[in-house]
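Features reported for this protein in TrEMBL:
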SIGNAL    1-25  signal peptide
TRANSMEM  263-288  transmembrane segment
TRANSMEM  337-364  transmembrane segment
TRANSMEM  376-396  transmembrane segment
TRANSMEM  408-432  transmembrane segment
TRANSMEM  444-467  transmembrane segment
TRANSMEM  499-522  transmembrane segment
TRANSMEM  528-555  transmembrane segment
TRANSMEM  567-586  transmembrane segment
TRANSMEM  598-627  transmembrane segment
Amino acid sequence: MHFRKHAPSGALIASLLAAPQLASAFYLPGVAPTSYKPNDLVPLYVNTIRPVAVHDAFLHSVVSYDYYQPLFQFCQPEGGPKSVGESLGSILFGDRIKTSPFELKMKQNETCKVTCPVTYHKGAALWLNQQIKNGLSINWLVDGFPAGQVYNTGNPGFLLGGEVNGEVVFNNHYDIFIEYHTPSASKDEHRVVGVLVQPESKKYSGEVKSDTCLQQSIPPLVLSETGDTEVTFTYSVYWISSPTAWATRWDKYLHVIDPKIHWFSLINSAVIVVFLVLTVMSVLIRALKKDIARYNRLDQINLDDLSGTSALEDGVQEDSGWKLVHGDVFRTPSHPLLLSVFLGNGAQLFVMTGFTIAFALLGFLSPSNRGSLGTIMVFLYTVLGFVGGYASARIYKSMQGEKWKLNIILTPLLVPSIVFSTFFLLDLFLWAKESSGAVPFTTMLVIILIWFVISVPLSFAGSWLGFRAPAIEAPVRTNQIPRQIPPATTYLRPIPSMLLVGILPFGAIFVELYFIMSSIWFSRIYYMFGFLFLCYGLMIMTCAAATILLVYFLLCAENYNWQWRAFLAAGTSAGYIFLNALVYWVSKLSLSGFAGSVLYIGYSLLISFLFFILTGSIGFFSSWWFVRKIYSSIKID
Ligand SMILES: *[C@@H]1O[C@H](CO)[C@@H](O)[C@H](O)[C@H]1NC(C)=O
């Protein structure tokens, strides 16, 4: 199946399905190609140095560093490196883009250019050798396009060093291969369409001339851990004409994983999930129809035959199941404040993820627009504070909550401050490691400012509207005195039911999770938003269906405390996600050092927490809809 060839550009479904392929064919408006004349300087920027998985396929570190971290002692451009303007999202996702001393002139092959001599003392050598073993990989951007390594195409970045005959060698020479494309319309304008770097380790002796680095017999360079090592950095540039059009230059990073395998596994799980959900739903609807018909018939009998004691006895006998708790199902749950705050934030997250994925599907978040994903997420989450405030207030009002001031204040503060303080604590760790992954203090301030100046007022406005709107009335009256709840059977006890319900949404996204994890931790470029869209849909479906089923069983067992149960049961899928992260840790990572482990666990916990709020809310809202639906369809005298 070659989607790009067959996909009709107009058909929505086809384009949705083909999105991973199509999206690379039409790029974001606003990212225009840059053309260079021969001899024009093509900028080479340096970015964060990140760990990647080395030969044993394990990731050994999650701490990344600024290119100009003093211990690397990399050559700097004249006047010192300057930061290149970046978006907020790009900074949050770890980019630190700076100028470099490398000079690339369009279509000018050059060999063995010397940048600067450096002396590594033994302390620096010790540290660098450890980092080489950790698999640190250098990231360059040439004309905004990330450089890959010659034998490892498909992933951006190339290694800081390697191992030769059991010795750790340091790469001090770079062969830079730049592919350029000349559009047929213009003869003398060229575009950069591919960048590959082959890093090499060369222990030069004597002066480096323009052909020294071409010699085959140069031994590799080992940084001595007992004394000083003199290192000369060199690079060669080769320009190679390429038929690749500028518009498709990202394809080799985006099509690393064979889409056919991906589709296969996804469709496989989709079929199972849809089948399950449909079966369960049809059984449930059948049962409900029978229940409702029976209840209404009994009602009829009771009305027709008021004096008929036998019918009444029949009624008492038969009137079992979820109808019995009609006077209690809409009773205010315990801790309505906390629940409504969570649900408001869940609604906010839900709308945000939906919009983000929609934007991505439309091709707005192409990787050539660095950091656009992070920026759009921050922006949407901020603006959607309004939705969060509104939802939280409406729910709280419907639950007859009285501490409305507290609700208004906690909605935009509770969950974000948990997220932010975790983020801040993890950042402290990164600061201590002098890692560039640490978000700079000024960025932190900017985020706090955006939060308090835009998001919190919007949330207040939403809350105000929510409290002004009429409360959502329950379809049945709530009794004065609560009913007694009979003891539950094993499966309906809180823990087993949570574990059972939570695994279903997790199953729906399990496959996609693998790819997302590898893009987060292995810095692979994630650009399969078509898949993500489908998975998100499947997850919502399973989450809703499983929770509704649980609530139905609960009500049939005359347990009317469904609100928290629905929220927690659906939210349990986040527990599975955390568990999955732990399994991933054991099977794919081999982190050396305490900080790496803390960071990994911390970020996993953070993501799981947000996921808990999101899925919990999906579970609650669908159950709420369900409960309202069934109790409004029976007559109650
Ligand atoms: C530059 O070097 C590459 C690789 O050796 C070669 O294919 C290309 O023709 C050279 N380009 C120029 C302009 O000399």
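Residue numbers in this text run from 1 along the chain shown.
In case you wondered, yes, glycine gets a Cβ from its N, Cα and C as well.
Automated prediction, rather than curation, is the source of TrEMBL annotations.
Remember, predicted model here, so these are calculated numbers, not experimental data.
By the Cβ criterion (distance under 8 Å, sequence gap of 6 or more), the transmembrane segment (528-555) is counted as touching the transmembrane segment (598-627), at least 3 such pairs being found. Panel annotation: around the transmembrane segment (598-627), residues 62-63, 329-330, 339, 342-343, 345-347, 349-350, 353, 415, 418-419, 422-423, 425-426, 429-430, 501-502, 505, 520-521, 539-540, 543-548, 550-552, 555, 562-563, 566-571, 573-575, 577-578, 581-582, 585, 589, 591 of the same chain, lying at least six beyond its termini, place a Cβ under 8 Å from a Cβ of the stretch. Listed by sequence, the residues of this chain that lie at least six past the ends of the transmembrane segment (376-396) yet keep a Cβ under 8 A from its Cβ atoms are 88-89, 92, 336-337, 339-341, 343-345, 347-349, 351-352, 355-356, 359, 364-365, 404, 407-408, 411-412, 447, 450-451, 454-456, 458-467, 469, 471-472. Looking at which of 263-288, 337-364, 444-467, 567-586 has the most CB pairs under 8 Å to the transmembrane segment (499-522), the answer is the stretch 567-586.
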